[in-house]
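*Asks:* Structure provided below as structure tokens; questions to follow.
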Amino acid sequence: MLHSVPIGTGPSDLDHVVIGPAGVFTINTKHHRGQHVWVGAKRILVSGQRTDHLRNAAHEAKRTSKLLSAAAGVPVGVTPIVAIVGAKRMTVRERPADVVVLRDTELVRWLRRRRAVLAPEQVLRLAAVAAQPSAWQRMPESEVVDHGAFDRLRVNVGRAVRRRVLWQLAVVGATASAVFGMWWSTVGPLLER
């Protein structure tokens, strides 16, 4: 098990990564001491407030899968887990399809009951790869930033801004012309006398 794994080049880290016969798991611990936690298929609420726990856990697992797959040279599936710590009550209305949500007290038993999907050699190999800091720092090709796409987006945004300004100027010009026309139709005949 790895703890507080720095991931990427920023300040992000993974709370825990478990590699064993049952597979590879990212564990995102959420401390909600004394609060009521409600779990649905698409959302976790804490004392009635929406959270991003499911989305974040799924993202961390996907990123972990990409990094470990790139470092190990083989596809590595990763299961995301959200471990709820200290909740006064946890109500599970519907279990999420892609993220496991458990109380921290259930976690070890849940992991031990999983069937083996990795051979001992695979576990050792993945653990050795995961122990290398370089495995967590590299960016797989699929996450490389496409600067050309960003430049195209910037050009399109610039064009949209210019178009909007031109439309605003046209509206102001049309309004000014209408006001001037109304004024002239009222004042013009008086000035011609």
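Positions of Cβ are set from backbone N, Cα and C atoms, glycine also.
Unlike curated records, TrEMBL annotations are generated automatically.
Pulled the feature table from TrEMBL, pasting it below:
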type: DOMAIN; residues: 1-91; note: domain 'NERD'
type: TRANSMEM; residues: 67-87; note: transmembrane segment
type: TRANSMEM; residues: 165-184; note: transmembrane segment
*Asks:* Mind looking up the mean pLDDT for the domain 'NERD' (1-91) in the predicted model?
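*Replies:* Reported value for the domain 'NERD' (1-91) is a mean pLDDT of 92.
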*Asks:* Quick test of the contact rule: Cβ under 8 Å, at least six residues beyond the ends. What residues does that give for the transmembrane segment (165-184)?
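*Replies:* Non-local partners: none at all.
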*Asks:* May I have the DSSP-based helix, strand and coil counts for the residues of the domain 'NERD' (1-91)?
*Replies:* 20 helix, 42 strand, 29 coil
